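S.K.: Take a look at what TrEMBL says about it:
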type     : residues : note
SIGNAL   : 1-35     : signal peptide
DOMAIN   : 91-149   : domain 'Inhibitor I9'
DOMAIN   : 178-640  : domain 'Peptidase S8/S53'
ACT_SITE : ASP187   : active site, charge relay system
REGION   : 247-266  : region 'Disordered'
COMPBIAS : 247-257  : compositional bias 'Basic and acidic residues'
ACT_SITE : HIS258   : active site, charge relay system
ACT_SITE : SER582   : active site, charge relay system
DOMAIN   : 694-789  : domain 'Subtilisin-like protease fibronectin type-III'
Amino acid sequence: MQLIDRRGRRGPAAAALVLASVAAVTLVTPGSGSAAPSSDGSSALYIVQLAGNPLATYNGGVGNIPATKPTAGGKLDTKAWNYNAYREHLRTSRQQALKDAGLASSTKPVRQYEVSFNGFAAELTVGQAEKLKKTPGVVNVYKDKTYSAQTVTTPDFLGMSGQNGVWQQQFNGQSNAGEGMIIGVIDSGFWPESPSFAALPEPRPDADTIANKWYGICDTGETDPITCNNKVIGARYFRVSQNFSVGEHRSPRDRNGHGTHTASTAAGVPADANVAGTSLGTAVGMAPAARLAIYKALWHNPATGSAGGTGTDLIGAIDAAVSDGVDVINYSIGDDDDTPSPIDIAFYHAALAGVFIAASAGNAGPGANTVDNADPWMTTVGAGTHPVRYSKSVTLGNGATYEGAGVGATVPSAGLVDAANSGVAGSTPANAGACVANTLDPAKVTGKIVLCARGVNARVDKSAEVKRAGGVGMVQYNPSPNNLVAEIHSVPSTHLGTTEGQAVKAYIASAGAGATAAIGPTEKKAQAAPGVTAFSSVGPVDYNKGDLLKPDILAPGVDIVAAYSPEANPARSNYNLLSGTSMASPHIAGIAALIKQANPTWTPSMVQSALMTTATQTDNQGQPIQRPDLGVAATPLEYGAGHVRPGAAFNPGLVYQSGPLEWIQYLCGTGIDLPLGEDSESACATTGSIDPSDLNYPSISVGDLRIKQKITRTVTNTTNQASVYFARVQAPPGVTVTVTPSTLTVLPRRSATYTIEITRTSAPLDQFTQGSLSWSDLRGHTVKSPIVVRPQSLDAPATVTGTGTSGSAQIKVGTYYSGQLKASAAGLVAPSIDTYKLSGTEQGFNVNAPATGPGVARKTINVPNTNRAVRFSTVNGDYPAGADIDLYVYLNGELVGVGGSGGPEETVTLGGGGTYDVFVVQYAKAPGVGTQDVKLYTHVLDSTPGSLSVSPATQNVTTGQQATVTASWSGLTPGVRYLGVVDFADATASRGQTLVDVRA
């Protein structure tokens, strides 16, 4: 069992967000906009949340100021007197908070938030941040984060085009699809000259509708200005820091390409897509008649090709988008923090103001517990394949031909070399084999086709290195099973699977200097679709223990052709193929805009429900949705409710609605208390809590089934006709599901409630199993919800603590099976202590290119695979007040844990062996401190018995019983903090464990 403690990682101080596009995998974020490092009382950007609802959700109650929250289907009226009156109240409250904290003269906010988030961002020292935290009227103070950004055939595949398609059937043609809707895209900007953003024909039938709700502006920018038109009706850019990378534009113009791609996927007009000299057909967005509003908050980093920004700027973009009057926001940005952050709070208020939010699920798959953007008020989108693949083959000198993925030119027969054997002196075979920058030797590569392994660096960076070293082509292969990606490269390239790649590698080894190859032309071929991609992030969600299924839905996200910035394109063309959940999310954003156009009074949760309950779980061959990389059926943990089926979503029959009360009660049920009202008191004390599984959501998930659980759901009839619905259950294997009542009569526009009782019979313990519940009527509606259940074997605390050189601690273990409970102990172990002398501070630590410096130290440790747990920590008592130390932990090169809670004491506890790199970051020092000792404590816990013992070692338990296990220790050294573990097992397998933390 893997231990995931990660204190700080799941809180507001998590480090970095990951680009939701896998076009570039190795990412570096640009400067965060924080103060330059100093050696004395350093400051950094903080986001301060104040008590009271922002304008988007203010419901009255302050003096005589009426509510500013828009009515259903309405928009914020930014010209109304009450809007301005309440806005002035928020400004007064902001000034009062600074005054009460004694910071009115020394602190000037760099950004104020009033629409979707009530608060401000400012440069603060640790001491000033602590003062504000204790100030009445201040809800929370968050350290700012550094963030990075994460269709030719898809309209046909999704049923948008043709006489029977959505555009024709719902809107009488493509040219009307999206009228009256405004889609906001928060990303890296847009390329205004792209044909996908050409002006719409005039006169516009929706001109009055747009004029009545659009309050935005077109900020053309300082350098390389943009222009707007009746397609892109507004654009803004957000950059607190004045540090710009070379070649970046101080305007909404997109240097990176990511934002151009997502915006055109959502709502681009029809345009010929020519990619690297190959015409791939007509590219068109999901809502071609919708208007676009661009919010550039991510900035290009030329070192990696990624785009990055700060929470300070992203909240500013959300605030502006809601104030401007957008109907939908696309957010193709993800993070490693699945609990609500300031950005999630801003989106909470945006959703309550009627804005639908489509968000990428992340590209951290195929592992479990990797899904991002997991809030119930946003629709979380996974990435799937579509029916066209772009094939490109390589033919070897021995006559063997292997098919891969790629676009672009051909390469006639040329020499073929393995990059692993073609590195410069001093390079490692691993880095050279992955074609990392400056590792290939031109003397070995010039004029050759080069075999490069996927991984370590971005795929497109590999071909750039081949070109730099003089190579004429690239054959990229997957060292382990993964999806294939067709994309633009610096030299003609094809991408092979694992088996094919190993065959090419073996041929080079046998043929030696005589190895040759030729790269063939691009061919469009059909394939079964959809399938879930290997990179698409997977549930369950850590913080809700699997009680809310995420992702919500699957949409096309592989080899998506859309507009792009020619400055970022190796082929310098206006279109590119990208893959990632970033590309899937804008499909849902565009489709949601169409549903809102047809149903203007629907809330975001109604749109979400319509999309989910009408989704499909089969591919275009009638088979269950697959994981093509593994050749097995996918599960709802990977695709949520299924793949989007737009045509059916316009008339779902029934919808599941939820709103602010249920969302807060859900969070309270997970242990998260977010004060969101007019004071800074506990929201949970006011609203109470629900079991997270009881959130009125379109999917049904129980991540901790303890024998039996009853769940309640309410459905609302979206039609003007009464209808009788009949329940049909496909129970998860080994589980019984009883629906009461099994027949629902739902009156027009009214609601009905039912319960589901789920009982484990024989389902395997601690494993997910899935089924479904469908409600069908005689009018052609089928409302389908996935059922995902994980029967729990036992419930043991993650950690117990103790003190003294000898002593004991009782562990209470709830058991949900009958049989034996076995307990065994390992440890206790004392930590090793490493001391680093750090003189500087670092607020912009680059999680995608970590490096040491005056304020950063690094520890590398190899941990055996038999390891039970490894803990890295810092201790508050080692530092004076005002210090702030952060930890960033990498396992085999991947960021797996962050400690960044806002003070000097951090703990990251993980399980599993491998090479760990721990970066100790001095975020801030106390005033007057120069160079100081920074200590890192490391506990490595294997299975070796030590001073920890357990009693009883074996006991009989029954279902529903609470057992007691006593952990005891003796002979410890005073003043040392020890770590041990107690493992629990039944007769067949390990079922859980509890860490034992002892301060002797």
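Heads up, the Cβ atoms here are built off N, Cα and C, so glycines get one too.
Keep in mind that TrEMBL annotations are predicted by a computer and have not been checked by a curator.
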S.K.: To the nearest whole angstrom, state the Cα distance for the pair SER582 (active site, charge relay system) and HIS258 (active site, charge relay system).
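M.R.: Just about 8 Å between their Cα atoms.
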S.K.: Using DSSP, what is the helix/strand/coil residue split across the domain 'Subtilisin-like protease fibronectin type-III' (694-789)?
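M.R.: Tallied per class, the domain 'Subtilisin-like protease fibronectin type-III' (694-789) gives 1 helix, 60 strand, 35 coil.
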S.K.: Please report the DSSP secondary structure of HIS258 (active site, charge relay system), reduced to three states.
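M.R.: In the DSSP reduction, HIS258 (active site, charge relay system) maps to helix.
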S.K.: Say we define neighbours as other CB atoms within 10 Å of the CB. Which of the active-site residues ASP187, HIS258 has the fewest?
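M.R.: Fewest other Cβ atoms within 10 Å, among the active-site residues ASP187, HIS258, is found for ASP187.
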S.K.: Tell me, how many other CB atoms lie within 10 A of the CB of SER582 (active site, charge relay system), whichever protein chain they belong to?
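M.R.: Total other Cβ atoms inside 10 Å, all chains included: 35.
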S.K.: Looking at the domain 'Inhibitor I9' (91-149) alone, can you tell me the average pLDDT?
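M.R.: The answer is 92, the mean pLDDT of the model over that range.
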S.K.: Fill in the CA-CA distance, HIS258 (active site, charge relay system) to ASP187 (active site, charge relay system), as an integer in Å.
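M.R.: That comes out at 7 Å between the alpha carbons.
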S.K.: What are the DSSP helix, strand and coil residue counts for the domain 'Inhibitor I9' (91-149)?
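M.R.: Once the DSSP states are binned, the domain 'Inhibitor I9' (91-149) shows 18 helix, 20 strand, 21 coil.
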